[in-house]
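Since the structure comes first, as structure tokens, the remarks are kept for the end.
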Amino acid sequence: SKKNVAHDEL
Amino acid sequence: MNVFRFLGDLSHLVAIVILLLKIWKTRSCSGISGRSQILFAIVFTTRYLDLFSNFISVYNTSMKIVYITCSYATVYLIYGKFKATYDFNHDTFRIEFLLVPSAILAFLVNHDFSPLEILWTFSIYLESVAILPQLFLVSKTGEAETITSHYLFALGSYRLLYLLNWLWRYFSQGFYDLIALLSGILQTVLYCDFFYLYISKVLKGKKLSLPA
């Protein structure tokens, strides 16, 4: 699944 | 950012700094699993590859740099400068049994089949079990120095606080990430018996010793 998952957590 | 996540990051930072200072001040890495520290360095490296490509905040970038720098410095101190004090007889947990399954699972279960995302997922899975060599070492030696138990308490608390952060984010903004959540639950569960020993012994001034 082409989701732009931006991980904002460390 | 919420208070649980901030306290979690703070607890993580404290753990990393406690360990580095313990090794540096006592000039000894006795009781410390170098293998766990290698795994943590791999976790940070594979998770923060977007360090320069994906700017989120000064806080985020600076913490990533501190984590990566400290973890490599710790590995260097253990296997380089103070390797004479490294307990290689007891630090024998087979980390390939952690690396390979994490890598395979990252390919099978992820949010997006892209290199960066698979590496991020790998780092999440690996981090959930990265402490096992350290807990294994403590169980083999049957005890841990008090400073080492403070390190483990801070490290275990960090992901517990992150679980509260995800609870908070779910109810306040409907955010949830099952991969991070389930891995975080496993990671925290691994500390349960340690938390019990820490609270029942170390906080009463006794040394942390596992029942023989």
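The chain as shown is numbered from 1 upward.
Glycine too: its Cβ is placed from the backbone N, Cα and C atoms.
Automatic, uncurated: that is what TrEMBL annotation is.
Small disclaimer: the values here were computed from a predicted structure and weren't measured.
Beyond its flanks by at least six residues, the transmembrane segment (B:65-82) meets 12-13, 16-17, 19-20, 23-24, 27-29, 32, 34, 37-38, 40-41, 44-45, 48, 51 of its own chain at Cβ-Cβ distances under 8 Å. Among the features that TrEMBL reports, transmembrane segment is placed at B:65-82 (among others).
For the transmembrane segment (B:94-113), the residues of the chain that approach it from at least six positions outside its boundaries are 35, 38-39, 42, 119, 121-122, 125-126, 129-130, 132-133, 177, 179, judged by C-beta separation under 8 angstroms. Annotation source TrEMBL lists transmembrane segment at B:94-113 (among others).
Taken from TrEMBL, the feature transmembrane segment covers B:119-138 (among others). Panel annotation: around the transmembrane segment (B:119-138), residues 31-33, 35-36, 39-40, 42-47, 49, 87, 90-93, 95, 98-99, 101-103, 105-106, 109-111, 144, 148, 152, 155-156, 179-180, 183-184, 186-187, 190-191, 194, 208, 210 of the same chain, lying at least six beyond its termini, place a Cβ under 8 Å from a Cβ of the stretch.
Tertiary proximity for the transmembrane segment (B:150-168) is limited to same-chain residues at least six positions away from its ends with a CB under 8 Å from its CB atoms, namely 2, 4-5, 7-9, 11-12, 14-15, 18-19, 22, 131, 134, 138, 144, 175-177, 180-181, 184-185, 187-188, 191, 194-195, 198, 202. Taken from TrEMBL, the feature transmembrane segment covers B:150-168 (among others).
Annotated transmembrane segment per TrEMBL: B:174-199 (among others), in sequence order. Non-local neighbours of the transmembrane segment (B:174-199) in the same chain are 109-111, 121, 124-125, 127-129, 131-132, 135, 138, 149, 152-153, 155-156, 159-160, 162-163, 166, 208, 210; each lies 6+ residues outside the stretch with a CB under 8 Å from one of its CB atoms.
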